[in-house]
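A.B. asks: Have a look at this one.
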Protein chains: 2
Amino acid sequence: MQLPQGFRFAGVRCGIKAKADRKDLTLVVGDRDLVAAGVYTQNKIVAAPVVLSRSRTPSSAVRAVVINSGNANACTGQQGDRDALAMTNLVAKACELDPSSVLVMSTGIIGHKLPMDRIEQGIQSAADQLNDSSDNFLAAADGILTTDQGRKLAFRCEQIGDQKITFAAMAKGAGMIGPNMATMLGLVLCDANLSKIDAQRALRVAADASFNSISVDGHTSTNDTVNLLCSGTASATPLSEEHLARFTEVLTDFCIELAKQIPADGEGAHHVIEIRVGGADCDADAKQIAKSIADSPLVKTAVTGNDPNWGRIMSAAGYAGVLVRPELCQLKINGSMVFDKGQPIDFDEKAISESMAADRTVVLQVTVGDGPGTSVFWTSDLTTDYVTFNSDYST
Amino acid sequence: MQLPQGFRFAGVRCGIKAKADRKDLTLVVGDRDLVAAGVYTQNKIVAAPVVLSRSRTPSSAVRAVVINSGNANACTGQQGDRDALAMTNLVAKACELDPSSVLVMSTGIIGHKLPMDRIEQGIQSAADQLNDSSDNFLAAADGILTTDQGRKLAFRCEQIGDQKITFAAMAKGAGMIGPNMATMLGLVLCDANLSKIDAQRALRVAADASFNSISVDGHTSTNDTVNLLCSGTASATPLSEEHLARFTEVLTDFCIELAKQIPADGEGAHHVIEIRVGGADCDADAKQIAKSIADSPLVKTAVTGNDPNWGRIMSAAGYAGVLVRPELCQLKINGSMVFDKGQPIDFDEKAISESMAADRTVVLQVTVGDGPGTSVFWTSDLTTDYVTFNSDYST
């Protein structure tokens, strides 16, 4: 595990979560000022930490991010705003930083006030433990999880221009996942040297093709946040225009690697569904069609049952609200054609069903016309385990 | 059971459905020309019968509607178009009518060609049995069902001006229910005397507050159709402008009575969820918020678990994409306030959970601001039975 230079990490348990063995507070601190970019939920009901962090990015003077899990600090009124601010102030005090240089994220149940006494202890304890070891990085990745079955991590090294850039990232998310700018918590760290505006632009592009192209249940949460933090230690000079394009490509691909881990760990999921839409009038139309298919409970349950019930897929494409040319429509399931030029065709239902059962990923390739628009989207199927789990979450 | 005059009915089994005791073909014939209005799916992938019936309404010269269940005749290409036309031609021949005076609906699995030999026999058999009895009306209501657990019917008499108007209606739908103009099959019969344009206007208003305000799984089908047929026998003269407004009111209320039976019979449903949104900028915004709440699997599963997990409800209101003023937001579950002016408030979680468990209908009242926009929407909860049922439907 290679980590970018310029960061220290800690993940501790302070007692927000009920289960005694779960970490619930994470702290990441830069050795010097970090360039920071952010994408945040488009939900109109916004959690207090999102409001605060949004006001502090993009920035070229961020020093730390504090994240608690187990409580979303959402729908908590003015007390919630005060608590989010207090979290950043506590980090500033414990680490001797400018209070406005600290970002904050929260995730967990909505509508409960934060246990600030525990959080205060947790922040102090995390500050005491900060270091740049792999163990601490993993502890930090643990501290942000909620219903996730395991850590979501990605690592990469890439030479771009004169910069050998090292990326490391952590994410959380398994339910309440619906794409709208950002759809979970994610923290992407690297040592690239670039401006805050360039970092923000690159993150927007990357998020659109990754975190905004996944769903579990189509429910955009109040707390979605992805922050990109760049320590700049890879080079003394910023990336050139030409190399920024390459940086954005690499960041996008890296974010896709991280984002795909979320539907793969979708609550109760048996399958990941990869939806490839082509032939739309533009990419945005293709994405709307892909999202419509991804959000259909009938498509999801058909995949759960390894059932090539393709009519549900074409029907969901049809109600996405954008242009679809039925006479040009085509659908392949795991590579096998089941519908072509608007006509049903003979196919081996049993063979396709077996191929669905054999693989955790099911690929749906939908052509909706002859336009240039394409999109790739990932979601999970819908199982009785999802329903059972979410029928009994807070009570 | 009082039926409007001027109609004859039949419902038969012709062998489209697998189960031997299920009727699958319905015929309704007017004694003379009927005024007919229609609202149809907004899905871009449209079934052949929808294309044909849409081209024939509104009309003042409709004589019959033929409906088959068990096969949707959707995604069936040009053969599907020919088969839909053939169904209306077969009815015209069997009943000695103008072929263009016949409407057609189909419902059932997508992407399979109609068994036209069976349908031909069924149409002949139905034509032979036509009469105006209650038994035949009920047989007709049986012939349109698919996964429904029982008939969906509504009856009403209302004096409007000089017309004593009798309404009778049948509907089907339990899954693939998502509101977009019309969301299932419905046939509303009455003996009112009014013009085709007035009938179409009244049906549009009524459908918007009824069939377009329900969902089960948010999946708008390829075959949604509601037709209103008026025999005109209630009066020799058409309804006046003033009385048309009253007719629209009565029709709207009547359609709501019918439409609510659909989420009540939602596949696997334990609860009906009635969502009342107020304080939005306009009615359309309120409806968008109500639909966002209705379509959230997290809201649905919370209701399944009798869990007043109100954060999920406010979060779904927030991502509807229209204006919400968090500081004015309020939420009541079954009449009990749980969130007020953007602040969580203390409430008796156990008492609300018990009230949810005690009643099949759960009422969510959401205020999102101080605007005039309101909406009422009905959906079903999401249970493991829905998932099990839909994981094993076609194979």
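The first residue you see is number 1, and the count goes up from there.
Cβ atoms here come from the backbone N, Cα and C positions, even for glycine.
Annotation comment: TrEMBL describes B:THR146, B:LYS172, B:THR183, B:GLU267, B:ASN390, B:THR395 as substrate binding site. What TrEMBL records for B:THR183 is active site, nucleophile.
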A.B. asks: On the three-state reduction of DSSP, what should I expect for B:ASN390 (substrate binding site)?
C.D. replies: helix
A.B. asks: Checking interface proximity: list the binding-site residues among B:THR146, B:GLU267, B:ASN390 whose CB sits under 8 Å from a chain A CB, in sequence order.
C.D. replies: B:ASN390
A.B. asks: If you draw a 10 Å sphere around the Cβ of B:THR146 (substrate binding site), how many other Cβ atoms fall inside it, taking every protein chain shown into account?
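C.D. replies: Other Cβ atoms within 10 Å of B:THR146 (substrate binding site): 20.
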A.B. asks: So for B:LYS172 (substrate binding site), how many other CB atoms are inside 10 Å of its CB?
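C.D. replies: Step by step: centre on the Cβ of B:LYS172 (substrate binding site), count other Cβ atoms within 10 Å, giving 26.
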A.B. asks: Check B:GLU267 (substrate binding site) against DSSP and tell me helix, strand or coil, would you?
C.D. replies: coil
A.B. asks: I'd like the Cβ neighbour count for B:ASN390 (substrate binding site), meaning other Cβ atoms within 10 Å of its Cβ, all protein chains included.
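C.D. replies: The answer is 27.
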A.B. asks: According to DSSP, which kind of secondary structure is B:THR146 (substrate binding site) found in, if we only use helix, strand and coil?
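C.D. replies: Assignment for B:THR146 (substrate binding site) reads coil.
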